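Single-structure report; data block below.
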Amino acid sequence: MSPHANGNSHAGSSSVPSRSAEPLQASEALSVLESYHHGDGLSVSKLMDSRRNGGLTYNDFLILPGHISFPASAVSLQTKVTRKITLNTPFLSSPMDTVTEERMAISLALHGGLGIIHHNCTAEAQAAMVRKVKKYENGFITDPICLGPDGVVGDVLDIKAKFGFCGVPITETGKIGGKLLGIVTGRDVQFRDPSATLKSVMTTELVTANSGITLEQANTILRDSKKGKLPIVDASGHLLSLVARSDLLKNQNFPLASKEPNSKQLYCGAAIGTRPGDKDRLKLLVEAGLDVVVLDSSQGNSVYQIEFIQWIKSTFPHLEVIAGNVVTREQAAQLIAAGADALRIGMGSGSICITQEVMAVGRPQGTAVHAVSEFASRFGVPTIADGGIGNIGHIAKAIALGASAVMMGGLLAGTTESPGEYFYHEGKRVKIYRGMGSIEAMEHTAKGVQAAAASSVGLDNAATARYFSEADTVKVAQGVSGDVADKGSITKFVPYLYTGLQHSLQDMGVKSVTDLQRDCRAGIVRFELRTASAQVEGGVHGLNSYTKRLFA
């Protein structure tokens, strides 16, 4: 590799070669370029030298353009978010009660990302949300909800209200493994008395498939039979599993969906704390099918989190653990040694977080992402940049600095799928968005649960536990409450982020997240610091008025 490519410079020599008296031949341009001792701009290591440049945020620098030799559509955004979990898009939603519940987790997973369900609710409520995500899409459904012939229509209606579907197999035992008698669908129970027995309304003329069939073959039968469900049975007619036509449609409509390879269920994450009661909470979440747990703390380098990671790894060895938050190598080393499968980076960088202001602790996000990611990569531990993501450019910069993915709060809070209702503020359609360290979040209690009772049994108010203990008589806010503008549905907003990020990597001259991070480490991708004037110049300026449309 040439000195120009790797960014090395010769000690004691000028970076600019001597000039000739006469203009050079145009054909010599590339060879003359090689005579410069380093490429334009700075390598990522020199950019992020905090002793020289101080701590940097995303707006403090730009990435210099590379050479384009491929279409933007060829750019792969596939990335590892934990040691074992790979996503098709590097997008995670923050575990905040105004950002991620089951609707957000389902929608984001369908578009290739991962939703992390908040824990500012009862353990049972959080587990129910995880269960809805896991039941939303399947390959072979090996644990379908079954009913017996003596059940009633009301039982099916309850299942529909709880899980969102009503195609229920009817077996002799009312369980998987029993002899298949029929199936009840939405049309079978429509306009029926809730007390009517299922054997009187079920469909008995069924299309079934024998055990040993492949998922591809099962989907072909579903397509050709025009049935909604395909029961898989053994030679004696006992129900072994189920395949749903709705999943076939989802596969067609959402080719990038994040799925567990074996079950074909959507990936789902959830956050917990590190209190003793969170062990019982985690057991419920694992029973619901949880794939990855986030240990939710503003400062992750604590004996509580280290011991909790070790407990999780000994109790649920197959569960992936995202630990944090961290902003230094020293913090990261402790959690990696404890067994963390990924690290969450950020302290005080979120749009509604005031930790740096109130606690005088934290680090500028760009510097934190680079330092922690560089260290963690040596151990094969992915990192997630959490906070400070306000646009596509910030996502691209976080990935260039070494993060495998980004976690978004405010950027997703205004979408249709986030919890809460829209309202109008000063003529704009908005939704409430609040930090989990805000007084409002810490005062939150579940509906129907008295605050004192909830706190005493650890059922509610994870926001308080994240920053303080229930014994503290005064809660000091590390977050604020506000509102964010309507961004429409995830169905349009995430593809906008995805396509924009593809174009960003194309402009850098790289075809994948892996290539970008490799070329950054090698000094091939170059960076430039931005002055305050340069930041003004790079934004909208010089207009009397303008309309900023993000996507169409």
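Note: Cβ is positioned from N, Cα and C throughout, glycine not excepted.
Per TrEMBL, the feature region 'Disordered' maps to 1-24. Residues or ranges marked as compositional bias 'Polar residues' by TrEMBL: 1-18. Annotation source TrEMBL lists domain 'CBS' at 202-258. The NAD(+) binding site annotation in TrEMBL covers Asp296, Ser297, Ser298, Gly346, Met347, Gly348. Taken from TrEMBL, the feature K(+) binding site applies to Gly348, Gly350, Cys353, Ser533. Annotation comment: TrEMBL describes Ser351, Asp386, Gly387, Gly388, Gly409, Gly410, Tyr433, Arg434, Gly435, Met436, Gly437, Gln478 as IMP binding site. Summarising the annotation, TrEMBL assigns active site, thioimidate intermediate to Cys353. Per TrEMBL, active site, proton acceptor is recorded for Arg466.
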**Request:** Starting from the Cβ of Gly387 (IMP binding site), draw a 10 Å sphere and report how many other Cβ atoms land inside it.
**Result:** 28
**Request:** Using DSSP, break the domain 'CBS' (202-258) down into helix, strand and coil residues and give each count.
**Result:** 20 helix, 15 strand, 22 coil
**Message:** I need the CA-to-CA distance for Gly348 (NAD(+) binding site) versus Gly387 (IMP binding site), whole Å please.
**Reply:** 8
**Message:** Say we define neighbours as other CB atoms within 10 Å of the CB. Which of the binding-site residues Ser297, Ser298, Ser533 has the fewest?
**Reply:** Ser533
**Asked** When the pLDDT values for the domain 'CBS' (202-258) are averaged, what is the result?
**Response** 85
**Asked** How big is the NAD(+) site in terms of the longest C-alpha to C-alpha distance among Asp296, Ser297, Ser298, Gly346, Met347, Gly348, in angstrom?
**Response** 14
**Prompt:** Cα-Cα separation of Gly409 (IMP binding site) and Cys353 (K(+) binding site), in Å?
**Reply:** 11
